[in-house]
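Q: Mind looking over this structure? Questions follow.
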Amino acid sequence: IGVLGSGDFARSLAIRLVCSGFKVVVGSRNPRRKAGLFPSAAEVTLQAEAVKKTDVIFVAVFREHYSTLCDLADVLVGKILVDVSNNTEINHHKESNAEYLASLFPACTVVKGFNVVSAWTLQSGARDGNKQVLICSNNQEAKRTVAEIAQVMGFTPVDMGCMSSASEIENIPLRLLPAWKIPIFLALGLFLCFFTYNLIRQVIHPYIREQKNKLYKIPIEVVNTTLPCVAYVMLSLVYLPGVLAACSQLYYGTKYRRFPDWLDQWLQHRKQIGLLSFFCAALHAVYSFCLPMRRSHRYQLIETAVKQAVEKKMSIWVEEEVWRMEIYLSVGIIALGLLSLLAITSLPSIANSLNWREFSFIQSTLGFIALVISTLHTLTYGWSRAFDENQYKFYLPPTYTLTLLVPCTVILAKVIFNLPCIQQRLQRIRRGWEKGRYVKFVLPSATGEYSSGETSSNV
C-alpha cells in the first residue's frame, strides 16, 4: 500500500496499515527528514519511487497541493488513488476533492474514503472510535479493493455509491453535532422559560412585596430550581412521541401510515433528549450538594439558631418535614441512578453488547420506571405545599406543579395502553393487522360449485 504525504494523518494511516499486516511504502518530498516520523516497518522514499512500487495509493495531501503530483502522472496510470482529504468549509468548492483529483488524473481510478476517520482512531484502533468508513467511486472493482483493505484494518466499509456522493461524504466531518441542534435548542428554551418563572417567584416577588434583596439566589438557588424542571420535562419528552405514535396507529388502524415529519424527527431525537435530561439531572445533584456550602446558608442557620434561643425553644423538630425530606432525597437518588443507567446503555459501545430485548427493556421499561420515580420525587418535594396559598406568588403556582403536566399525561397514557383490550389491538396493528382491509374467501354452494366474495378483516 502506498501513502503520499507525511502529515499527521499520513503517519497514523501508515501505522494502522503496518499493524494490519500490510507492506507500506510512504512517498515524501523529503524522505530523509520524514523517515523518523513513521514506523520502522514502513519504507519511506521519494514519491515517484513509492508510486512505482504500489498499486493502491492513499493520497494524504490537501487539495491545494494536488497540482504538485502532476509530475507523477505517467507513473500513476492505472493506479487506484484513495482520496482522504476534507475541506475547511461545507461545500467550499463546486466539485468535491475526489472529483477534482479524478479530473487531474483521468488515467487513474479515484476512490473517496477514510475521510470520516480521525488520525486518533487510526492509531488507537477502530474499537475506540467510529468503525464505519464511507466509500464511493465510479469503479466497482476499485471500491471492492478499498473495502477489503478497510475490513482488514478493523473498520466497516459502507458503500455510498458513485463519485457524485463524494461531496456529501466530505461534508460529514464538518457538521457540528447535527443531531443535537434541535434537542439543545429545546433544552435551552425550557431552561430560559423555567428560569424566568423562578426568577419572578424567588427574586422579583420578595423585592416588590417585602423590599427584600434576593439577588444572591440567582447563581445557585434559582438555577438549581430550574435544572430539575428541565430534566423532568425532557425525560417525559423522550416517551411522549411514542405515546403520540401509538395514538396515531390506533386511530388509523395501521402501522404502515407514515407519521408526520415533526413526529418522525421527534422520534429520531429521543436519544439526544434523554442524554440532555441526564445532564441536567446530574447538574441538579451537584448544585444540591453545594447548597449547604453557601455563605448565605450559614447565615440563615445562625439566624435560625438565634431566633430559637430568643424564643427559648428547645427543639424545632418537625416529624412530617423530616420524613418528607428523607423520602424526597431517597427517591431522587434512585431516579438519578436509573437515568445514569439509561445514559450509559445508550452509548454505542455498550448498546452493541446488548441484544434487542435487553436494550428495549432498559430504555423502555426502566426508562418509564425512571419517569414514575421522578414523578414521586417531584410530588414528595411539593407534598402539601401545593395547597398553601402562600406558595402562590403573584398568583403563580409553584414551578413543580407546572412540570407535572406532561409527565403525568405520559404516565396516564401508558397505563391506558396497558389495558388488555387496547394492548391487544395495538399489538395486532404492529404485527401487520390493518383496519378496513378486505380479504378474499371462497365457499362451496349447495350445488357443489364454488363462489367467491369479500369480507372485512375486522369481522
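Each Cβ is built from the backbone N, Cα and C atoms, and glycine gets one as well.
Where the annotation comes from TrEMBL, it is an automatic prediction and has not been curated.
What you are looking at is a predicted structure, and each value in this text was computed from that prediction instead of being measured.
In case it's useful when we look at the structure, here is the feature table from TrEMBL:
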| type | residues | note |
| --- | --- | --- |
| DOMAIN | 1-87 | domain 'Pyrroline-5-carboxylate reductase catalytic N-terminal' |
| TRANSMEM | 182-200 | transmembrane segment |
| TRANSMEM | 230-252 | transmembrane segment |
| DOMAIN | 230-372 | domain 'Ferric oxidoreductase' |
| TRANSMEM | 273-294 | transmembrane segment |
| TRANSMEM | 327-347 | transmembrane segment |
| TRANSMEM | 359-379 | transmembrane segment |
| TRANSMEM | 399-421 | transmembrane segment |
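Describe each of these features in terms of where it is and what it packs against.
A: Across the domain 'Pyrroline-5-carboxylate reductase catalytic N-terminal' (1-87), the DSSP tally of helix, strand and coil residues reads 36 helix, 19 strand, 32 coil.
Sequence-distant contacts of the transmembrane segment (230-252), counting only residues of its own chain at least 6 positions beyond either end whose CB sits under 8 Å from a CB of the stretch, comprise 186-187, 190-191, 194, 259, 263, 266-267, 270, 273-274, 276-281, 284, 339, 367-368, 370-371, 374, 378, 403, 406-407, 409-410, 413-414, 417, 422, 425-426, 429-430, 435.
Sequence-remote contacts of a segment are chain residues at least 6 beyond its ends whose Cβ falls under 8 Å from one of its Cβ atoms, and for the transmembrane segment (359-379) they are 228, 231-232, 235-236, 238-239, 274, 328, 331-332, 334-335, 338-339, 341-342, 345-346, 351, 400, 403-404, 407-408, 410-411, 414.
Tertiary neighbourhood of the transmembrane segment (399-421): same-chain residues 194, 197-198, 201, 225-226, 228-229, 232-233, 235-237, 239-240, 243, 246-247, 368, 371-372, 374-375, 378-379, 381-382, 386, selected by CB-CB distance under 8 Å and a gap of 6+ residues from either end.
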